[in-house]
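**Student:** From TrEMBL, here are the annotated features:
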type     : residues : note
DOMAIN   : 18-260   : domain 'G-protein coupled receptors family 1 profile'
TRANSMEM : 6-29     : transmembrane segment
TRANSMEM : 36-64    : transmembrane segment
TRANSMEM : 70-93    : transmembrane segment
TRANSMEM : 113-138  : transmembrane segment
TRANSMEM : 158-177  : transmembrane segment
TRANSMEM : 209-228  : transmembrane segment
TRANSMEM : 240-262  : transmembrane segment
Amino acid sequence: VSPWDIALCATGTAVAGENALVLAVLFYTPSLRAPMFLLIGSLALADLLAGLGLVANFAVRYLLRPPSEAAELGAAGLLLAAFSASVCSLLAITVDRYLSLYNALTYHSERTLGFTCAMVLLMWVLCLGVGLLPLLGWNCLRDQSACSILRPVTKDNAAVLAVTFLLLFALMMQLYLQICKIAFRHAQQIAVQHQFIATAQATSTRKGLSTLSLILGTFALCWIPFAIYSLVADSSYPAVYTYSLALPATCNSLINPIIYAFRNPDIQKSLWLACCGCVPSTFSSRPRTSSDV
């Protein structure tokens, strides 16, 4: 058994457990029903399935005897659908944050829960369609020379997925830059209206910039190297290169709950209540909305 596969399976188990906790908190807390939390729940569900996909892939490779093509394609399809939904959910959260700042006055009346549910459902249908591609012919089981590093996906199809991912990341980065500009402008307006001193404004701006840097930096460090490698490499490249880049990419699903869920005061409060039945006196009760950066 490859130690790399053991590491991926262990990561998948941790990812599934962590995101299952997020989903449980969202499901059993009636107050967490805003569109923002629905998007966080979509991200947690996608990452949960990604973790289960990693475990399933390990089971198919080492525990299923004799190997089954249908099981291998199914495990690959689950990973494709889950990670596609994870990236799309991150993009949806980015769009939601941008709209909540850009249309601050009308956001809460226009961004209804029903509309968000419909958008999330459409996104999941598209991602599940991506997951069916290996079963519908996007595989190299009949021609091993055409395999990519994402076996059983062919090299051409892996390149299409990598380019699509890079385009989505470019869109996400552009949106976050716009969010930063709007937040900086809002900070200036508030500083003028309330006559804040310059250092207070600078502190607020630095906090927003640090959060944006955390979100973009983590996502880029986890996924960009693997996406670029998928464009240039094929199955003839040493497997150790693929594993060393795939493991950080999967770890992004381990980091997502920390960035998007556990840092949210409402979810923190629910966790405290679930774990010990109380909320610390030092806990901040300031409401946090999707516009917070």
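Placement of Cβ uses the backbone N, Cα and C atoms for every residue, glycine included.
Bear in mind that the values here come from a model prediction, so they are computed numbers and not experimental data.
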**Student:** Looking only at residues six or more beyond either end of the transmembrane segment (240-262), which have a C-beta under 8 A from one in the stretch?
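**Tutor:** Same-chain contacts beyond the flanks: 2, 4, 7-8, 11-12, 14-15, 18-19, 21-22, 25, 40, 43-44, 46-47, 50-51, 54, 83, 86, 90, 93, 149, 214-215, 218-219, 221-223, 225-226, 229, 233, 268, 271.
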**Student:** The transmembrane segment (158-177): which same-chain residues, six or more beyond its ends, come within Cβ distance under 8 Å?
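**Tutor:** Answer is 80, 87-88, 90-91, 94-95, 97-98, 148-150, 212, 215-216, 219-220, 223-224, 227-228, 230-231.
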